[in-house]
Every structure is written in C-alpha cells, then in structure tokens.
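What follows is one structure encoded as structure tokens, with my remarks underneath.
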Ligand code: AR6
Ligand code: MG
C-alpha cells in the first residue's frame, strides 16, 4: 500500500467537493427522464461537448444537493466544528434566498416550520415528518460530503456528526443510515491510493462490515430486511462479481439497486456506479474513470442529479481533482468556490484536535 502524502489528500478533498458539484450539475437536466438507448447517446454527446474546447454557454446551475453541501461546508469552516443551530439557519436562509433549486417537498415543510417557530426546537419539525415516521429520502446523504472530509481521520466522529446533521431533516433510520453509508464510502475512497491495485470486492466487504455495526435496533421499523443497507451492499457485490467481463444491464441494476429518491435505493447505487466504472462500460466512451462513473450513474435515469452527485463525491475522493476535466468545471456554476471550500475544509480538518481520539 502506497502512503498517501498530504498533498494527495488535498487533491482528494477537491476531487470530492467538485465531484458533488459536477455530478449534480451534469445530472440535473436528466432528472426523472426515462433514458432509452437514444438518450444515452445524447448524454455521451453532451459530455463530449462539455469536455471539449470551451464554448460560450450559460453555466449549468447546481441544485439542492450542492446548495446544502455548500451550507454544510461553510458552517464547518466558519465554526470549525458541527454547530447544528448555525447549520439549520444556513439551510433555511439559503432555501428562502434560492427556493428554485429543486428541494424535496418534505424538506420544504421542515424549513417552513423552523422559520415559523423561530428555530425554537431545531429537531422537532423533522421528527414530525410523514406522520412521525421521518423522511427516508436521500437528502441527508447527498449533502454529507463536507462532514466526511472534515472527519477524514476520525471514524467515530464521522458517524456521530453524520447522524447529527441528518436529524435536522431526516429522522427515519433509512434516511440516517443512507447518509452514514455515503460518508463511510467517501472516507474509504480518501484512504486508498488511486495508483495501488484496487480490489472492488474488498471495498464492498469493508462497507458491509461497518454497516453491520450501524444497522442495529431495526425492529419495529416495518422493514422488509433486518439490515437493509447490508442487503443492498451484498447485491452490489453480486452484481460486480457475477458479471465478470459482461456489460452491466441497466434494467437489472435499476430493478435491484434502484434509482429513486429514497436513501436505500440510491446510495448503494452510487457506490455500485463508482466501483463498476473502474472498468470500461459499453456505450460510455471515455478513458477517464471519474467521468465514466458519473456518466454511468446519470445514464441509469431517475434521481440523476443526486445519484450523479453522490457518485461524484465518492469517485472524486478516490481519484482527486486531476481526473475532473477542467472544461467540464468551466460549465458548472460556482466551481471555483467549491474548490476553495475543499481547500478550507482541508486546512481545518488538519487543525482540529479531536477530544475523543
Ligand atoms: N413516507 C412516505 N414518503 C416519503 C417518506 C416517508 N417516510 N420519506 C420521504 N418520502 P424529502 P430529500 C418521499 O422531501 O430527502 C430532491 O430532488 C416523499 O415523497 O425529505 O431532501 C433532492 O435532490 C418526499 O417528498 O427530501 C433529492 O434527490 C420525498 O420522498 C430528493 O429530492 C423526498 O424526501 C430527496 O430529497
Ligand atoms: Mg435530486
């Protein structure tokens, strides 16, 4: 195993934050489209054009995935810690300033209640969602990258802070555990040297092992599986193994792993896209495995911006920013500020002294 030096970690931080942004921006035009083979060609041509020589066009706007990741990063950078009151106020303020960014309908209700109650109990509105069940959407997972970076050297804090940031909007165990799985995947990617031999099955086994300790006390949740994420990760593994050199069949991936707005049927999908894109994929013509990962994620249709964004965060943490085509970044809104946030997060992550470790 090659040691990862400090400058490579810095590049990995940038890769992950820019992965959030590019996956979101490039995926957003295709949200909920049924991507037939014809539209996959459109996707290929569009990516080729964006990666090619610079042309004049309005920037592609980011959506709630990047907006909420940005709030989380800015709060961590300013407070040098997870400050839930500060974070919740930023989420609400940014939502009211830019309500057009495609927020989930449930989450908007949480923001309205928070504002109306003048933030009297910041955790109550989320608990009241969906008749007290809480949201199982992928919203807590999609925004969790800054926490994964901030805690890149501290696993216990990573779990604890991810859970806390989730509870502001998502209290259903599926919503929280989806965020935890996404954060763990980012952390694992950060700690692998991109030039070492990479065993994708080992990567999944490690995730399964960790989720085994996270998915406890699930009784009474009315879930089909006792450990649903662990179950989905085993499907990821089967899909990676059984295929051998065959092409992944999109319909099968969508049916078994999902492409929707729930955490359970999107976070494992993002992990699969990152891992499967280590090898070429038919119909995705690029030598660049970062681009292959997000293009493949978006080609599955459904919640394209969020699955693209979560795939980008994991893949970017693995490859660093070297593999993110600069001309693609040129077309994405706020790419410079995402790069700067990554650098600031890197600085504070290395300054912080954890009490518990
Ligand atoms: N019971 C029934 N439906 C639910 C439940 C539940 N317990 N939980 C969630 N839903 P939300 P998010 C459905 O609003 O997770 C955006 O496009 C319900 O239809 O908490 O932040 C983002 O980019 C609800 O409106 O939002 C994400 O891709 C929906 O899930 C995506 O939406 C989303 O839950 C999720 O965002
Ligand atoms: Mg979305």
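Each Cβ is built from the backbone N, Cα and C atoms, and glycine gets one as well.
Taken from TrEMBL, the feature Mg(2+) 1 binding site covers 63, 64, 65, 303, 306. Around residue 63 (Mg(2+) 1 binding site), the same-chain residues at least 6 positions away in sequence with a Cβ under 8 Å from its Cβ are 24, 28, 101, 102, 305.
Under the heading Mg(2+) 2 binding site, TrEMBL lists 305. A helical conformation is recorded for residue 305 (Mg(2+) 2 binding site) in the three-state DSSP classification.
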Most Cβ neighbours inside 10 Å, all chains, among the binding-site residues 64, 65, 303, 305: 65
Cβ within 8 Å of the mean position of the Cβ atoms of 63, 64, 65, 303, 306: remaining residues of the chain near Mg(2+) 1: 24, 27, 28, 31, 66, 102, 138, 139, 142, 305, 309
For residue 306 (Mg(2+) 1 binding site), the number of other Cβ atoms found within 10 Å of its own Cβ: 32
Three-class DSSP secondary structure - residue 63 (Mg(2+) 1 binding site): coil
